[in-house]
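Taken verbatim from Swiss-Prot:
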REGION    1-181  region 'Formiminotransferase N-subdomain'
ACT_SITE  82  active site, for formimidoyltransferase activity
BINDING   163, 164, 165, 166, 167, 168, 169, 170, 171, 172  folate binding site
REGION    182-326  region 'Formiminotransferase C-subdomain'
REGION    327-334  region 'Linker'
REGION    335-541  region 'Cyclodeaminase/cyclohydrolase'
ACT_SITE  412  active site, for cyclodeaminase activity
MOD_RES   520  phosphoserine
């Protein structure tokens, strides 16, 4: 899996397009960096840049952006609605793919140290990179903002993590760190700034102080007014959207606004958003309104509508959802991007990958897809109207499993490649040999994990498949018969792939546990597939 880190530096300039463009060029021209989004606001006088790349590349991209800003931004003249303490106010590094939080912490440390040494400016570490608990919170570090820095820097407790304890009027100070995806989500109100801020105080985790905490965990919020849009916003930062999601913030804001007789007129997402954040919101509205939507495209459209994400500007999923901008692998590497004819030809070529693992995953994925098809061929038809509620329940697991199993086609090939890469590591010194041995064992565990995940995924489908065999559209009987055997075959392939990769694993307890589990899953697949076929034959008779 290719490594990918997201960097989202916030610069204190949102009006001067020449400055905004110069910083954009500094990032875009950095080898290995892909600039995904530039979001500027005149009222906030702030621009948020989003770019991705390998860990070492995004550090260089952030430094190049800072160098450009150092020549062009003068904080002594800066005014804006958004809290800030420096020309490069905050620079977080965020794991996207194949990267741990610890690696992002190292990115923040490397960036902070080099920035301080080169430009001679104070740099603080926050979030997961913070060296003390008191510096984990960005608002706590920003307290008093730029204007308070001259006095704060004189105090020992506010000594920067890197750079001088000296005030640099043109720059201020920079905060660098590592964190999860932060969603900047603003809800639009036709109200005053004060009314929006009142709602923000009730919702944000900090609340109005220690004695009056807010309702929403992992949420920061303030109220402000956007002159260019002639409306107010409850401006929020969702620090962990898996704790408090977009829909929760929006619905709670609507409830507060209703109590104050204030109209909510949509919302705004600043920067990029993970697909999961939108799908979580879609799941909420589907459950709330008893909706049946399978396709991500439809679910995203629902969320855009319910949250009013296009109220201030068009919301274009292909340009705003990070997974759509940065696919797992390029078309030249991904088996999934290749035509079926090419995939089959590569399987038959003189190469170990793609091999049985990828074929097993593809076979199981098609089995799940066939089951989904049978459900959809039953759902929504007048003659099967009495089964609509049942199909709404049965179809989604097959649809989701088909997508997951499809992704394992590439995952299996990547796992094998990781093992081959470990085989090529040097073994000249004892340290080299130890590193190589550890990498080989990790590669084998990955090679075991993929087919095991395949078998576990198929196992979760058998109850639904049994029920579908009893009530699905009988005209699709052969499709369901093939589905059952395809799923069984997928597990059959997974079983032998697990065993062959377990052979060289040195952890005996792990080997015994996995061998027992995969054997159980294979036996279950044989039994369940036979039962599905028997039930279909009985219905025919």
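Any Cβ shown, glycine's included, is placed from N, Cα and C.
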Top Cα neighbour of residue 82 (active site, for formimidoyltransferase activity) in the set of recorded positions 165, 169, 412, 520: 169
The region 'Formiminotransferase C-subdomain' (182-326) - residue tally per DSSP class, helix then strand then coil: 60 helix, 34 strand, 51 coil
Average model confidence [pLDDT] within the region 'Formiminotransferase C-subdomain' (182-326): 94
Most crowded position, judged by CB atoms within 10 A, among 163, 169 as binding-site residues: 163
Residue pair residue 165 (folate binding site), residue 412 (active site, for cyclodeaminase activity) - Cα distance, angstrom, rounded: 51
Using Cα positions only, nearest of the recorded positions to residue 520 (phosphoserine) (163, 169, 171, 412): 412
Spatial neighbour of residue 412 (active site, for cyclodeaminase activity) that is closest, considering only the binding-site residues 163, 167, 169, 171 and their CA atoms: 163
Site with most surrounding Cβ atoms, counting all protein chains shown within 10 Å, from the binding-site residues 167, 171: 171
C-beta crowding around residue 520 (phosphoserine), within 10 angstroms: 12
Residue among recorded positions 82, 165, 412 with least C-beta crowding, 10 angstrom cut-off: 165
